[in-house]
Amino acid sequence: MQVAKSPLAVIDSHVHLDFEEFDAERERLVARLKSNGLKGAVIPGVSASQWPKLLTVAERHAFHYGLGVHPWYCTADWGQDIENLSKLLCERRGDPRLVAIGECGLDALHKASWETQLPCFEAQLQLAQRYDLPVILHSVKAHNEVLALLKRYPLERGGVIHGFYGSMQLAQRYVDAGCYIGIGHLLLEEKAKKLQETLVKLPLEHLVIETDLALVSLVKKSGFADKTGGSSLILHLLIEKIAKLQKKSNVLVSEQVFQNTLQLFDL
Ligand SMILES: [Zn+2]
């Protein structure tokens, strides 16, 4: 008799399951992910208008969440958003599902809002200090600026640089700043040589994995999996890839990465 192998336990450290895109399929998707080994997920907050939906989805599926203003959603009204964020954090203080500030950071490809991105990010680092929470960081072509601000606002609980793509040297600078390195689907791209080289050297205790899933269409397009099993299968593919690069077993990698995620968010 063949015994069905149970899938490795995984936590998605970054998934935008609150997005409207998932409304029609969320229930089925989440059920499928849970049967595929998904033990938990962290849904980052992106904008004030999206926070209520985020809270509903996190509550409904017993997932964790972050609260923040993503650089793409940073507008001239950022001051008001930060005030609302501060109020909401105060209200939610003590909610065990609230595990981070973010997604926040800097995105140099969104140059139009650079002047507002900077103070908005700074304000969120201050909130992370005040509420003693880790940060979920988004950084695109802005690593020097992000790292300089992390130095200026040191965080007891550190954070995670999500969707990391870079050299070992850059990864080390984030590790030194108290951050975990969030590895997503980019690692699965054949052409991502630099990231693969980084993963050969980067000690396992600094890694977490993520899907950064924001669109059902992306799951379909990725070719990694069918549309309802996609998310957790990507996580399993990431574990296999990291294990191969580090010459370790899938079980060892999955257990360490799982522990790292618990540690980072104090789950
Ligand atoms: Zn994200």
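Note: Cβ is positioned from N, Cα and C throughout, glycine not excepted.
Per TrEMBL, the feature divalent metal cation 1 binding site maps to HIS14, HIS16, GLU103, ASP212. ASP212 (divalent metal cation 1 binding site) is surrounded by 21 other CB atoms, counting those within 10 A of its CB over all protein chains shown.
The divalent metal cation 2 binding site annotation in TrEMBL covers HIS138, HIS162. Residues near HIS138 (divalent metal cation 2 binding site) in space but far in sequence (CB under 8 A, at least 6 apart, same chain), listed by position: HIS70, PRO71, GLY102, GLU103, CYS104, GLY105, LEU106, ASP107, HIS162, GLY163. DSSP gives HIS138 (divalent metal cation 2 binding site) a strand state.
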For the binding-site residues HIS16, HIS162, the one whose C-beta sees the most other C-beta atoms within 10 angstroms: HIS162
The one of HIS14, GLU103 whose CB sees the fewest other CB atoms within 10 Å, among these binding-site residues: HIS14
